[in-house]
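The signal peptide annotation in TrEMBL covers 1-18. Annotation source TrEMBL lists region 'Disordered' at 37-68, 402-422. What TrEMBL records for 81-313 is domain 'Peptidase S11 D-alanyl-D-alanine carboxypeptidase A N-terminal'. TrEMBL lists Ser114 with the feature active site, acyl-ester intermediate. If you look up TrEMBL, you'll see Lys117 marked as active site, proton acceptor. Under the heading active site, TrEMBL lists Ser172. Residues annotated as substrate binding site in TrEMBL: Lys284. Annotation comment: TrEMBL describes 433-455 as transmembrane segment.
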Amino acid sequence: MRLKTRIFGAITACTVSAAIVFSNISPIQVWATESGTAGNDTEQSAGELPEEDSGGTSEAVPPAPADPSVVTTNGIAGWPQAVDIAEETGILMDAASGTVLFNKSMDQRMYPASTTKIMTALLALENSSLDEQVTFTETGVKDAYPGSSNIGMQVGEVLTMEQCLYAMMLKSANEVTTQVAEYVGGSVENFVNMMNEKAADLGCTGTHFNNANGLPDDSHYTTAHDLALIGQAAIQNETFRKILGTVVYTIEPTNKNPKARTFDNHHAMIHEGDWYYEGCLGGKTGYTDAAQSTLVTFAERNNLLLVCVLMKGDGTQIVKDTKTVLDYGFDNFKALKFTAKGEVIQGGEGVIPAGMEESELEVLEDVQQDKVLTTYRCSEYPVGSVTVTRESYDQVKEQEEQEAIEKEQQEEQKRIQKEQNKKKEHTQNIMKLIILVLCGLIVFTVLMVVIRLILNRKK
């Protein structure tokens, strides 16, 4: 008899995509008067920014890219490919881990225009309370000139810090920003020093602030990467996030103004209409003749909080390109929480291409005296890290080593037991064979005896 068995299997996969439609607000109209008139601007191009700053955040000078049109992240092996953008520089960064997903000349120095106000708002939130009363002086009011974005504040007029922050971030009011700087820092000069110190603390290497609002100044510059780092810090503040997402805000009558002042958020992507973008938390616009349109945008989907910074572009195109870059991020990457060996001090989050798993990443451990930094890399490109205490790391390693020893011992015991069982089975098989042979001999002997008896009887 013959027995035939056949086994068959099949594997299937599917993918899903989504599309979104949006707003009717013209960023060109919003940005055209935001940071100053052409007469107050500078003819110097961003590519001609000074190589040395005058007491900036760092002595390090970021290298100018050989070809600013290249999206350098496209050169990473296994990295999702992105389309180019019209703006001179840009970055897409994961706010949780700091992983850069898209890089176009992100370290090239540029004029930030009113996106400067993100840093001003961050310092104000860290160094004052929302109910504090801010009285306007000549210092602030002088920036409320024609052509400069303002809300018409007067000397002696009083706003709360909360009202000031809304006027700064939604209306981009320059006189309010300068007044906040004087109030928080004691003087605008001291506040600017605070801005540069904070930038250095955040890891900025190509930034030097010379005012609080981003009005044209040859010594006032940053990079897309530095601006993303500042935005990364700011978006962690819940009040900052709330202000960014406010579509319309009203300042009620004050001691100097009997009329309420209502203004819309300048960022087009949070308004219903053609420009709307699902998941957009808001951001900050900026414009001067030298800077052109600059846009910082925060968006959140699928456990990913992304910061997009595009610099020196056209008012309409920069919104389109921001959407394109954000779509690239959300469509091609996924958030990942790394397995930590010990008590986490910092990090633990990362972002990797959607089709990749943690087991495929390269893992590098830097064991230091009091902590251990583990960096995860995709084709030698960092995608996240986690820092744990050295004490907890040693405990975990000791436990892992003990578990490894126990596992090895168990495997050895299994091997020995298997060999013993094999020997026992072999011995049993030999005994069975001997018994079988003996039985055969006995049967043969009996048969021979019976045959002989039969033959003898016949005789």
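Heads up, the Cβ atoms here are built off N, Cα and C, so glycines get one too.
All TrEMBL annotations are machine predictions without curation.
Across the fold, the C-alpha of the residue listed as 'active site' and the C-alpha of Ser114 (active site, acyl-ester intermediate) stand 7 Å from each other. For the domain 'Peptidase S11 D-alanyl-D-alanine carboxypeptidase A N-terminal' (81-313), the model gives a mean pLDDT of 97. Secondary structure counts, DSSP: the region 'Disordered' (402-422) has 21 helix, 0 strand, 0 coil. In this structure, Lys117 is the one among the recorded positions Lys117, Lys284 with the smallest number of other Cβ atoms inside 10 Å of its Cβ. DSSP classifies Ser172 (active site) as coil under the three-state reduction. Other Cβ atoms within 10 Å of the Cβ of Ser114 (active site, acyl-ester intermediate) number 30 in total over all chains. Counting only the Cα atoms, the space from Ser114 (active site, acyl-ester intermediate) to the residue listed as 'substrate binding site' is about 7 angstrom. Here the CA atom of the residue listed as 'substrate binding site' lies 8 Å from the CA atom of the residue listed as 'active site, proton acceptor'. Every protein chain considered, the tally of other Cβ atoms within 10 Å of the Cβ of Ser172 (active site) stands at 31.
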